[in-house]
Ligand SMILES: [Zn+2]
């Protein structure tokens, strides 16, 4: 089932999310719903607070080539346990900040540890778009948005645009 995506500014997008103590059917349904919502948007990543749930859960799939098999990843309690000194810059966007894009510089490679849908611990090295995406999504769990990396003026401009968009949506 698709879930509505919160649009910035929203206090729930600024909260530090709580670790998931135990997996439950309810959490698995939430993860599946988030993947459905993400693919439908379409997007390459989504964090639980973006659908109003303050749990440490993200989903992502950065396979861009349509000829390639999709690779949906569900990560409970994801943690960056190592990051490269090398950095890379990508133009980022966010489903909670529609149609706004900006360059963000982050470590080019990260090692992430998480609990998968079956409750098993996983660890993997990510590079390229995957590295950027997984860091962007984990940031959401700490109440941090990609626009928080921008200069205040640019961030305020984007926030004002989003406030206007929300007013228009509320009126429609
Ligand atoms: Zn985002």
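Every residue number used here counts from 1 along the chain in the order it is shown.
Yeah, the Cβs are placed from backbone N, Cα and C, and that goes for glycine too.
Copied over from TrEMBL, here are the features:
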- 137: active site (ACT_SITE)
- 94, 136, 140: Fe cation binding site (BINDING)
Under 8 Å Cβ-Cβ from residue 137 (active site), six or more apart in the same chain: what's there?
45, 46, 47, 58, 59, 60, 75, 78
Fe cation site, defined by 94, 136, 140: further same-chain residues with Cβ within 8 Å of the Cβ centre:
45, 47, 50, 92, 95, 96, 137, 139, 145, 146
Tell me the Cβ contacts of residue 94 (Fe cation binding site) under 8 Å, same chain only and six or more apart in sequence, or just say none.
8, 100, 136, 145, 146, 147
Applying a 10 Å Cβ distance cut-off over all chains shown, what neighbour count does residue 140 (Fe cation binding site) have?
23
